[in-house]
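Listed features, source TrEMBL:
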- B:1-20: region 'Disordered' (REGION)
- B:84-194: domain '3-dehydroquinate synthase N-terminal' (DOMAIN)
- B:87-92, B:121-125, B:145-146, B:Lys158, B:Lys167, B:185-188: NAD(+) binding site (BINDING)
- B:197-340: domain '3-dehydroquinate synthase C-terminal' (DOMAIN)
- B:Glu200, B:His263, B:His280: Zn(2+) binding site (BINDING)
Protein chains: 2
Amino acid sequence: MASIPAQLSPSPSTSGTATVSIDLGDRSYDILIGEGLLDEPATYAGLPKSSTALIVTNTTVGPLYAARLQKALAGHHKKVLVTELPDGEQYKDWPALNQIFTDLLEQAADRKTVLYALGGGVVGDMTGFAAACYMRGVPFVQVPTTLLAQVDSSVGGKTAINHPAGKNMIGAFYQPQRVVCDLVTLDTLPQNELLAGLAEVIKYGPIADAEFLGWLEANMDALLARDRAALRHAIRRSCEIKAWVVGQDEKESGLRAILNYGHTFGHAIEAGMGYGAWLHGEAVGCGMVMAADLSARLGLIDEATSRRIRHLIERTGLPVRGPALGADRYIELMQVDKKAEDGEIRFVVIGPLGQAGMRPAPDAVVRDVIAAHT
Amino acid sequence: MASIPAQLSPSPSTSGTATVSIDLGDRSYDILIGEGLLDEPATYAGLPKSSTALIVTNTTVGPLYAARLQKALAGHHKKVLVTELPDGEQYKDWPALNQIFTDLLEQAADRKTVLYALGGGVVGDMTGFAAACYMRGVPFVQVPTTLLAQVDSSVGGKTAINHPAGKNMIGAFYQPQRVVCDLVTLDTLPQNELLAGLAEVIKYGPIADAEFLGWLEANMDALLARDRAALRHAIRRSCEIKAWVVGQDEKESGLRAILNYGHTFGHAIEAGMGYGAWLHGEAVGCGMVMAADLSARLGLIDEATSRRIRHLIERTGLPVRGPALGADRYIELMQVDKKAEDGEIRFVVIGPLGQAGMRPAPDAVVRDVIAAHT
């Protein structure tokens, strides 16, 4: 199993803008993390110029930030348009994606047009996929306004929409030109979305950095109180770990799959309940508890470590018990997971703490895990 | 302007299977051209193994060849499924694309599943785009059964679907694992589709190889009579030229756009008449006549050369006069062409014969060209 190199060990910065570089050859880009970045024209310096730009956002985030982003971009593009999509995972679908294409075509947007994704993971995934496909590829910039998007979905180039038969089944690997994480936008985040983001932050401890898990245990109260210095460090460290993993394996042929820790059980919960009923981060939080238990039952970590992960997730207020879908339904849903091969489910497991790997698990053990946590 | 290197000058082979290699680093692949390749299991040796494979075809080609391809693949995949889409450019759309995704998900197809595109350009473009997007990318193989697809759409990795507001507006650059051109499948091709394919074959002369244009003039009767040796050479030479151009510029940032000779006017004809009313190749044939005239009016070739191109296209029986949409409508439709930038139409022009380049043209000259050919 892989472990993250020592030179990436935590180096907290207490103020200013942090930059995390994603090294992917000619698809490299920077993640900027700081306060007030969204409004600052300098944030966008060096990005591709185009006469037309399109901000894609949703009906919740748009009214809060779209006009501010338009103003900040006024010197960079002649015309900055806005498309507002309906808000919610249930709209991460073809009709909403097609709305972006229709708006672009109605404005005669060409293949140099830059798209800006302003919102959470759904907006980011859809805008990225629209950018990947519009005229076979136009540049795009991520401006994530949720913690979840800042630490996870806006980093690494995975874009997608859902299919009624499976989450994120239709998509592309497509890298943004830049990611702009403005800590100030987290002020307006509903509490349950903050927690959903913390689930993904917590994830990086067990899979890659035991020391970071300790830092999270020590700083969870500050994070829950939205202390900006704590958030900056948590986001920066999460992005560093994700950047390292994605740099090793951009197309998810191996190592990158460890980022899906908690996601196999989590996707089954989301799909089983109908997309939108559980927040993605809530399902992942619960999925991590189940995957930790699975790792313990497979003898890869001890019971105490599994309980430690569960306890940290519980402290945030995230659910640690899945819906009672029945083991058969969980297993059926997990078999269409993208990590499955020939119908065999492959789980991300922990062991030792701070390292992760992938493996199948005996059916009986999986059923025990489901029984214990639903 | 670029000209194709001398080592790619014509070298007719009169029998056997010809191989043209497309050199794109880790996305390189071979084009096989020969008789009876479709039925021969050896044709598929070395392609990615997967337990499930899906042949995507249409209701015209499927009944002729799908069972034969299934049989040839029986030793390579455990399960070879078939999806039949409705036939026609008007079905190159989201509902048909989504049918492929739904069939894949219903069969629990995983990210190793191989797709086979069996049919013409529409099937190839849609299957390739489905392969690019399904679980963010699965391998696919082109088995083109039309001359047009064999010399053009199956080579070079452009995949797409249409949007009501524009042709091929939603797509990806995504390379196949192999292209299998079986000359025998051309026996069942309707005559108007043979001519549509010849339009794209003719294209390669003016833009890249004046000698090939001479060969076409000398061998047009044999091509129209479907002489296999003549077809083999025409397909091989077309693929060689396209391979060279695509190898220089995979993502169409520059040189590759010369392959769109005739396509700017042609797309306007297709869109203006409603997709499917004119065959793509018919529209391109007529578009080449218009683009040759434009080149002459811009002083890049002489009148005689423009007439020579027109005469060769006329000999095939392809239309050389566009529909009377009016100049305003032509220009409006050409402004949403993917090669346009900031609303300025960029035309592929010839000059001297055997070399091509891109440039805008004065509005009055474009209107003269439209008036003279509609």
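Every residue gets a Cβ built from N, Cα and C, even glycine.
Annotated features, which come from TrEMBL, shown on the structure.
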{"residue": "B:Asp87", "record": "NAD(+) binding site", "contacts (Cβ under 8 Å, 6+ apart)": "B:Asn58, B:Thr59, B:Thr60, B:Val61, B:Val122"}
{"residue": "B:Gln90", "record": "NAD(+) binding site", "contacts (Cβ under 8 Å, 6+ apart)": "B:Gly274, B:Tyr275, B:Gly276"}
{"residue": "B:Gly121", "record": "NAD(+) binding site", "contacts (Cβ under 8 Å, 6+ apart)": "B:Pro144, B:Thr146, B:Leu148, B:Ala149, B:Asp152, B:Ser153, B:Ser154, B:His280"}
{"residue": "B:Gly124", "record": "NAD(+) binding site", "contacts (Cβ under 8 Å, 6+ apart)": "B:Ala117, B:Gln142, B:Pro144, B:Ala149, B:Ser153, B:Ser154, B:Thr159"}
{"residue": "B:Thr185", "record": "NAD(+) binding site", "contacts (Cβ under 8 Å, 6+ apart)": "B:Leu38, B:Leu64, B:Tyr65, B:Thr145"}
{"residue": "B:Thr188", "record": "NAD(+) binding site", "contacts (Cβ under 8 Å, 6+ apart)": "B:Leu64, B:Thr145"}
{"residue": "B:Glu200", "record": "Zn(2+) binding site", "contacts (Cβ under 8 Å, 6+ apart)": "B:Leu147, B:Leu148, B:Val151, B:Asp152, B:Ser238, B:Gly281, B:Val284"}
{"residue": "B:His263", "record": "Zn(2+) binding site", "contacts (Cβ under 8 Å, 6+ apart)": "B:Val284, B:Gly287, B:Asp337, B:Val348"}
Query raised in the report: Do you know the DSSP helix, strand and coil residue counts for the domain '3-dehydroquinate synthase C-terminal' (B:197-340)?
Result: 106 helix, 0 strand, 38 coil
Query raised in the report: Along the domain '3-dehydroquinate synthase C-terminal' (B:197-340), what average pLDDT does this model show?
Result: 93
**Report entry** B:Thr146 (NAD(+) binding site): secondary structure state under DSSP, collapsed to three categories
**Finding:** coil
Query raised in the report: When you average the Cβ positions of B:Glu200, B:His263, B:His280 for the Zn(2+) site, which other residues in that chain have a Cβ within 8 Å of that mean position?
Result: B:Leu148, B:Asp152, B:Ala196, B:Ala199, B:Lys203, B:Gly262, B:Gly266, B:Gly281, B:Ala283, B:Val284, B:Gly287
Query raised in the report: If you count Cβ atoms within 10 Å of the Cβ of B:Thr146 (NAD(+) binding site), leaving out that atom itself, what do you get?
Result: 27
